[in-house]
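Marked as Mg(2+) binding site by Swiss-Prot on the basis of sequence analysis: D490, D496. The domain 'KH' annotation in Swiss-Prot covers 557-619. Per Swiss-Prot, domain 'S1 motif' is recorded for 629-699. For 701-746, the entry in Swiss-Prot reads region 'Disordered'. The compositional bias 'Basic and acidic residues' annotation in Swiss-Prot covers 706-746.
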Amino acid sequence: MLNPINKTIELGDGRTITIETGKLAKQADGAVTVRMNNTVLLATVCAAKDANPGVDFMPLQVEYKEKYSAFGRFPGGFTKREGKASDYEILTSRLVDRALRPLFPDNYHAEVYVNIILFSADGEDLPDALAGLAASAALAVSDIPFNGPISEVRVARTDGKYIVNPTSAELEKADIDIMVAATIDNIMMVEGEMNEVQESEMLEAIKVAHEAIKVQCKAQLELSEACGKLVKREYCHEVNDDELRKDVHDKCYAKAYAVATSGSGKHERSEAFEKIVEEYKAQFSEEELTDEKLEMIGRYYHDVEKEAMRRAILDEGKRLDGRKTTEIRPIWIETDCLPGPHGSAIFTRGETQSLSTVTLGTKSDEKMIDDVLNHGYERFLLHYNFPPFSTGEAKATRGVGRREIGHGNLAHRALKRMIPDNYPYVVRVISDILESNGSSSMATVCAGTLALRDAGVPMKKPVSGIAMGLISENKGTNYAILSDILGDEDHLGDMDFKVTGTKDGITATQMDIKVDGLSYEILENALAQAKEGRMHILGKILEAQPEAREDLKPHAPRIETMIIGKEFIGAVIGPGGKIIQGIQEKTGATVSIDEVDGVGKIEISGTNKATIDAAVKAIKAIVAVPEIGEVYEGKISSIMPYGAFVEFMPGKDGLLHISEIDWKRLETVEQAGLKEGDTVSVKLVDIDPKTGKFKLSRKVLLPKPEGYEERPPRPERGERGPRQDRGDRGPRQDRGDRGPRREYRD
């Protein structure tokens, strides 16, 4: 018998979120459905009963999946079935993972699988803002050890107003779009994009999010209590030896502290740390060094390294590479470093290096997006690659991983608002990380800015980025904020806070917190210190490349855009695409046309200006309106005894009367040397107001012969007197069958 339990959360604006358990997926360790209007997600959690041997980390796997049926759609492709995860699904999975992972106990190593499935959607309420709540609620109603609950919300600012979990329509107009995850007491994760906002405005958005999250966390606690899941399962995944722990600390700490304050480079420092632990192990015999003991020594020595690094910073202000807490590593930059790409740059900061390239494309290069809720075309792409050799690892290069997609997305969001809305090119930025020792995604932002400017992309403003760190103790009462963190400072520290922006404000951010007790004061100070670092790096970028390249590189495609009336779209395309295909074949240019906002938007691209100009001329001829007094190049389509019909514009014929061919009198058109198919210059001299027929003249374009006398104009009938009697000519003879009268073509 079903006995579902549910809780309702009020958002404060009339909307509600309902969490329910006990109805679906009851064999999972925990399962809930979360509903907001017509958006419904199911979240389940399952954990192994014990940890696998040798595992000393948290093997958490979060999978967010969307069903096309949720929105009443069929999947694409031959199989008509959901396939591998989309970028949106991967990014949503990462948002949930980053919020949950720090809250599992440090000594809990059993495999945990979190599955979140979108079963219903209406396109208005976005499911990624509900996924974190669903996952945490599923853990709350399970017996899996978890120091939650948490929740995630999206906050947008539209017309100066902060909105929690905005609709898709509200989000389109927002200048702030951030996702925030938190417990009742602490912020855990922030990620989002902004339109050059100030640090105080971003901080206010985080505060608004946290207030909403507190309500959602309390609802989860009530749900957990109603389910009777307040007691968590027992586990023992680590064997400990307090005497060994003390011995490792006593014999290794001083040596580790000396290395931590030596200011040595990454590999030298790594070798020195490794030498210390190897020397410690050497005091034991092979029989004594069991696998269990080796695992404990490694774990205890890791704690020693961490303590040494943190104490050196907190007590002496000395960082691993010898820098001060606010100091940025040395930067060197090279632009236009590769001849083939349309733009290129190398950005190196300390031991982190990005080689970024830019490719400019046309409309045909747009990326088609066909997710469940998101479908359309993307014109600005950024791809981030992190090969193993960048950290000196000897292993095979696999496909694109979740981390690469996440880092690339952050850099993409940092730069995309700085590309002009009306920029005609499709742009692809590729960042290949060639060296890495922290802040590689921020190096991507800086290298991407440089490569875009080298390609001649007229960015609104250049963007720089920096990664900030934190070392704190005693609930944040004693702390040090670190600018431009190293990989080890990220790993052993309490915060990874990435901030990107222009001289006028923040464009994107990503923050992960690993400790309790991060105050808003620390966040405010971190943002202020980050701004100083960003401005320093931006100065280096502007020194290397003060302005964007004025013109594209010679081998970059050229694009020209035309706007035509909606009524001309069919004429340009032609029956079955005949006209537009003919233009492309004749000129060598690529032509695409779309109806946008009630007009026809034509994009013409080619490898050189001549091909584009030829295509533009052909299109203008199709859409042009004939004007009296204009001169046209036409083709004689047919010859008659009284003149010639000339196609002077596509689909438009006019009469070139025999008297308008030349200044001298002609008996036949052929006397002027004209024949069908000839090209002739004509001037449009008149348009019949009743019939719309066109009257052309060739002779007005020819020099008037010397001594030529104009024939006097024919007098009006009144001056010529009455018509004379026809006399004895009798009635008009039968004219016979002369056939149909020739019609003018217009």
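From the backbone N, Cα and C atoms, a Cβ is placed for every residue, glycine too.
Quantities reported herein were computed from a predicted structural model and do not represent experimental measurements.
Per-site Cβ counts within 10 Å over the binding-site residues D490, D496 peak at D496. With DSSP states grouped into helix (H, G, I), strand (E, B) and coil, the domain 'S1 motif' (629-699) comes out at 8 helix, 36 strand, 27 coil. Mean pLDDT, taken over the domain 'KH' (557-619), works out to 91 on the 0 to 100 scale. Under the three-state DSSP scheme, D496 (Mg(2+) binding site) falls in the strand class.
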